[in-house]
Amino acid sequence: MANNVVVLGTQWGDEGKGKIVDLLTEDAKYVVRYQGGHNAGHTLVIDGEKTVLHLIPSGILRNNVKCIIGNGVVLSPDALMKEMGPLEARGIPVRERLFLSEACPLILPYHIALDQAREIARGKKAIGTTGRGIGPAYEDKVARRGLRVGDLFDKEAFAEKLKEVMAYHNFQLEHYYNAEPVSYDEVLASVMAQADVLTAMVIDVTQELDDARKRGDKIMFEGAQGTLLDIDHGTYPYVTSSNTTAGGVAAGSGFGPRHLGYILGIAKAYCTRVGAGPFPTELDDAVGEHLGVKGNEFGATTGRKRRCGWFDAVAMRRAVQINSISGFCLTKLDVMDGLKEIKICTGYKTQDGKTLSVSPMAADAYENLELIYETMPGWSENTFGAKTLDALPQAALDYIARIEELTGVPIDIVSTGPDRNETIIKVHPYGE
């Protein structure tokens, strides 16, 4: 039985992680975010009520769960306060159940200004970031000039550090990007107004999680974005700025990697991507329109329309390698209802005739690839809300089985709708 479970995306994000984390946290004591920031968008539907979380772990909707934002997350005080408000208005005691690492880098207004100025400057070569300051905040962290949650304990020292780093960034904004500088006084006043709320939630995350492990408490690590957006292993440079893969758990939370027991990879029954970058199986036809409309494929964070395409087993095999996936959760199976035939990409062929069984990493390597497809019959039956395998048509069962064969990993969970109850659990990650 696994006590410590990782839930992460195996495609380009938006796979439906939030719902699955919420479902499985019925059995967990802790839910931990370990990377990313408020560029994530985790949508939960409980008894018909929709909640979108960007920064706070999805376990916050479970009364028995402690939620932790680990050191690998870049934290925007403004975004956190904005997210806490509606939850607290619903009677959820966020400040009693949410805890922060003092090592979380802060996202401040100058990071957002830089992010947006850079995207404008890139023009047609824009990465397609959310414009929320994620990348610049991670840059500051690596450059060792970033301000962290722990710096807020000494407000005078924080003010001096802020002045220094803002002089650096405002110089870039004014003289390189021809953009307006950010007001030091306004940033300082805003952060100081939030400082006491943030510092009151600080704990020693590594110690807390290790104590929980020793007690036998069940811990869930909630990934954001997806494997193919990983800063190192994704379609570089069209990637996010953090390690979205399983290897990011230990670095982003301080939890020992040897203690991770089960890694659940979330994958849609088809593929989507937001923003620029390679997307080999993308569909610009009626099928792509069907997937986008029926799947309501609009970003939870940006509202941007998602690009849609067939399931890519080649990319999925890469995700299996990187993450050592224990089992898959296949989401949005119901979106495939009504398609006469369904295709799965099983290989990429290069210009020199070589067949690739796993996807390349750099974006340039995707140019001029020929895709190898396998066609399967679709189904007309309605799978929405199915709760047992017996309720699925044979063609859907065959599709699930073929994905298992192509990836070498079992599909342990199938999601057939947005509500936590619209789920088929073949094997529970916690072994229950």
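A Cβ is built for glycine as well, from the same backbone N, Cα and C atoms used for every other residue.
For Asp14 (active site, proton acceptor), the count of additional Cβ atoms within 10 Å of its Cβ stands at 29 [all protein chains shown]. Per Swiss-Prot, active site, proton acceptor is recorded for Asp14, and the stated evidence type is sequence analysis.
According to Swiss-Prot, the feature active site, proton donor maps to His42.
Classification of Gly16 (GTP binding site) by DSSP places it in coil, neither helical nor stranded. Annotation comment: Swiss-Prot describes 13-19, 41-43, Arg306, 332-334, 415-417 as GTP binding site.
Secondary structure from DSSP puts Gly41 (Mg(2+) binding site) in coil. Taken from Swiss-Prot, the feature Mg(2+) binding site applies to Asp14, Gly41, supported by sequence analysis.
The DSSP secondary structure for Thr130 (IMP binding site) is coil. Taken from Swiss-Prot, the feature IMP binding site applies to Asp14, Glu15, Gly16, Lys17, Asn39, Ala40, Gly41, His42, Thr130, Arg144, Gln225, Thr240, Arg304, supported by sequence analysis.
Swiss-Prot lists Ala300, Thr301, Thr302, Gly303, Arg304, Lys305, Arg306 with the feature substrate binding site.
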CB neighbours within 10 A of Arg304 (IMP binding site), counting all protein chains shown, number 13
Cβ neighbour count (10 Å, all chains) around Lys305 (substrate binding site) is 12
Of the binding-site residues Asn39, Thr130, Gly303, Arg304, Lys305, Arg306, within 10 Å of Gly16 (GTP binding site) (CA to CA), in sequence order, we find none
Comparing the Cα of Thr416 (GTP binding site) with the Cα atoms of the recorded positions Asp14, Arg304, Lys305, Arg306, the shortest distance belongs to Asp14
Once DSSP output is merged into helix, strand and coil, Leu333 (GTP binding site) belongs to helix
